[in-house]
Amino acid sequence: MACIIHTNRHNDTVLSKLQKDLSKSIEIGNKKYGGGQLKTVYVYQLDESVESRPCNIPFFYGLRLAKTNADVRIERPERKELATMGKRFVGTLRDEQTVSRNQALTLLTQHKSCILSCYTGFGKTVTAINMASKIKLPTLIAVPKKPLLAQWEQEIAKFIPTATVVVVDPSKIKSLPPQPECDFCIINTCNLEKLVKHDPKFVKTFGFLIVDEAHLQMTETMAENLLHVTPRYLLGITATPYRDDGYHVLFDMFFGPEMVKIKLNKKHTVYKVKTGFCPDESRYKKKKTLFHLPSRKSIGTPYWRSRPPIRKGTGSSWTLLRASRRAPF
């Protein structure tokens, strides 16, 4: 999920800004409090084998940079360069799903990227599939776990039964066609780098990228793999759009601040059931102690305080051994 900027076509001022902004010092292991280890993460990929030295930079960061700086030119695929996915969605969304879908589509039209953050059980997968049918572009779905591959495949077959779906098997990457004629492609993010090494043009055929469980994919390794994909529209799906380990800075660089957030406001019902059970309270009462610890005054001076300090060359053989192991001044 990146935009492309050709570094040889820009001046040193722009390149210095890129180097500064995309070299992030992240406090690894910082969960709500300080004390983590600082680590520099480079959030870009530079191809020096090409004369123009193209560089893949985070999606939203690239769009924002080009918008605020007239001298910057970025590459993002045009709709006319991509195929059309015109398959029909046969299901029906709930009212809250329809509202969130419309809000997300509006944000994608205006900002090209957003996050769909809804509570667990909301139906984010179905909503995203419906959005893909509205955008009408070949869709790449990146998931962080293997079980999610089959889950997405089943949901697509259920709601868009006429769609052609390709699930990338890492053991069969070499047999994939260079120009996949499919409506949906589902891949484990860990296998993206292997796929791009085999055929860099494969991922360029998709105009809509859906990043499932986005909070799990905002890590150094997975973000590096996702930089290979250059979509026209980007959607992140997560119920928890944050991280406590320092990598939260990647959210804004890739997806931006725009978010559709739906919270669960359902009231809980509490039922009171009479069981007739009466516990024996005497079993849980604290038992009285049969002895009392002596007070501090009655103990006197502790033995370890009454001993003289250990000095080198005096005392027992154990003392001399301990003293001889000290590092010299």
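Every residue gets a Cβ built from N, Cα and C, even glycine.
Quick look at what Swiss-Prot annotates:
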DOMAIN    105-259  domain 'Helicase ATP-binding'
BINDING   Cys118, Tyr119, Thr120, Gly121, Phe122, Gly123, Lys124, Thr125  ATP binding site
MOTIF     212-215  motif 'DEAH box'
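DSSP assigns Thr125 (ATP binding site) to a helical segment in the three-state reduction. With the fewest other C-beta atoms within 10 Å around its C-beta, Gly121 stands out among the binding-site residues Gly121, Gly123. The predicted model assigns the domain 'Helicase ATP-binding' (105-259) a mean pLDDT of 92.
Each of the binding-site residues Tyr119, Phe122 was assessed for Cβ neighbours inside 10 Å, and the highest tally belongs to Phe122. Fewest Cβ neighbours within 10 Å among the binding-site residues Thr120, Thr125: this applies to Thr120. Lys124 (ATP binding site) counts 23 other C-beta atoms within 10 Å of its own C-beta, drawing on all protein chains shown. Broken down by DSSP into helix, strand and coil, the motif 'DEAH box' (212-215) contains 2 helix, 0 strand, 2 coil. DSSP assigns Tyr119 (ATP binding site) to coil, not to a helix or a strand. All protein chains shown were included, and the count of other CB atoms within 10 Å of the CB of Cys118 (ATP binding site) stands at 20.
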